[in-house]
Amino acid sequence: MEEKNTQQHHSGFVAVVGRPNAGKSTLVNHLVGEKVAIISDRPQTTRNRILSILSTEEAQMVFLDTPGLHKPQDKLGEHMVQAALNAIKEVDVVLFVVDASEKRGKGEQVILERLKEECHAPVILVLNKIDRLPDKAVLLPIIDKFRKEYPFRSVLTLSALEDEDFSPLLQEIVRCLPEGPSFYPEDMYTDQPERVMAAEIVREKILQLTRDEVPHAVAVQVQEMKTRPNNLVYVRADIYVERDSQKAILIGAKGKMLKEISQRAREDMEAFLGNRVYLELWVKVRPKWREKEGDLKRLGLAGERSQY
Ligand SMILES: Nc1nc2c(ncn2[C@@H]2O[C@H](COP(=O)(O)OP(=O)(O)OP(=O)(O)O)[C@@H](O)[C@H]2O)c(=O)[nH]1
C-alpha cells in the first residue's frame with residue numbers, strides 16, 4: 001500500500017507586539033501577502049486588534065496585529081494597551097518586533113517586563129529594519145543584550161519592508177504552533193468586516209496625506225455601504241475630528257484635500273472589494289471624542305470588539 005502523507009497540520013494564534021512604529025503592520029501584511037493593517041510612518045497607527053490569517057499547506061497562522069504597547073495618554077490609549085496585553089496572554093506564540101535601526105528605549109523595556117509577567121508562550125524576537133543598518137555587525141551586541149534579559153525562543157533579523165522571503169520566520173512560527181485543523185476558511189485573510197476595512201482605508205489616507213497637521217484626533221465610521229444594481233458599491237463615511245481647525249485642514253482649500261483623500265481611498269477600496277466604488281465623505285467635529293467612553297464604543301474602539 002502507498003504511504004499516506006503523514007505531515008501534521010498546525011494552527012494557532014500569533015500576537016505581534018512592539019513599540020509603536022516598529023513595523024508590525026508592515027511585517028504582518030507582507031507575511032499574509034494582503035494588505036490588512038494600515039500603515040503610516042506615524043506611531044500608534046494601529047487601533048484595533050486586527051486578525052490577519054495566513055493559510056499554507058502545513059499550517060494556519062492567525063496574526064493579531066496589536067496596537068503598540070505604550071504609555072497611555074487618554075482613554076483610547078488605555079484601550080489600545082489593554083488590547084495588546086490581552087493578546088500576549090492568549091496566544092500560542094509572540095513575535096516581539098523591534099526597530100533595530102533605532103536606539104533601544106523605554107518602550108522595549110516596558111514590553112519585556114510585560115512579557116515576563118504575563119506571557120507563557122514562546123517569544124520570537126524580530127529585529128526589523130535592518131536595511132537601514134549599513135554595518136550589520138552592530139546587531140550582535142543588540143541581540144546579546146536582549147538574550148540576557150529574556151529567554152527568547154529564537155532571534156531573527158529582517159527587513160519587513162524589503163525582504164521577499166520570510167520563510168525562516170514562518171517556519172519558526174509553525175514549529176511553535178500546536179497540531180490542529182484550520183480555524184478559518186483557507187481563502188479568508190482577515191476577520192474584519194468590509195465596513196471596518198473601508199473605514200481603515202480612509203483613515204490611512206488621512207494619516208498619510210495630512211502628516212502632523214491632524215494628529216490622532218481622527219476617527220472614521222462607515223455609515224452606509226450598499227451595492228447598487230450596476231454593481232457599484234456606495235460607501236458613505238463620517239470622519240470625526242476634535243476641532244474646527246482640523247476640519248478645515250481635512251477639507252483643504254476649495255475642498256482639495258478631501259478630494260485627494262477620497263480619490264486615494266476609493267482606489268484602495270475598489271482593489272479590496274473588487275468592485276467599483278462611489279465614496280462620499282463627511283467631516284464632523286466631535287470635541288474630545290478620545291476621552292469619551294460612549295464615543296469610543298460607537299466607533300468600535302472600546303468594549304467587545306477591541307477586547308476579543
Ligand atoms: N526602512 C524600513 N522601514 C520600515 C520597515 N518596516 C516598517 N517600516 C516603516 O516604518 C513605519 C511604521 O511601520 P508600521 O508597520 O506602521 O509600524 P507599526 O509597528 O505597525 O506601528 P503602530 O501601528 O504605530 O503600532 C512605516 O513608515 C513603514 O514603512 C523596514 O523593514 N525598513
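Cβ from N, Cα, C; glycine included.
Automatic, uncurated: that is what TrEMBL annotation is.
Features as listed in TrEMBL:
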DOMAIN    10-179  domain 'Era-type G'
REGION    18-25  region 'G1'
BINDING   18-25, 65-69, 128-131  GTP binding site
REGION    44-48  region 'G2'
REGION    65-68  region 'G3'
REGION    128-131  region 'G4'
DOMAIN    210-287  domain 'KH type-2'
Among Asn21, Lys24, Ile130, the binding-site residues in the record, which have a C-beta under 6 A from ligand 1?
Asn21, Lys24
Let me spell it out: take the region 'G4' (128-131), skip the flanking residues so only those 6+ beyond its ends count, and list any with a Cβ under 8 Å from a Cβ in it.
22-23, 27, 97-102, 139, 157-162
What does DSSP call Lys24 (GTP binding site) in the simple three-state scheme?
helix
So how many other Cβ atoms are close to Lys24 (GTP binding site), meaning within 10 Å of its Cβ?
30
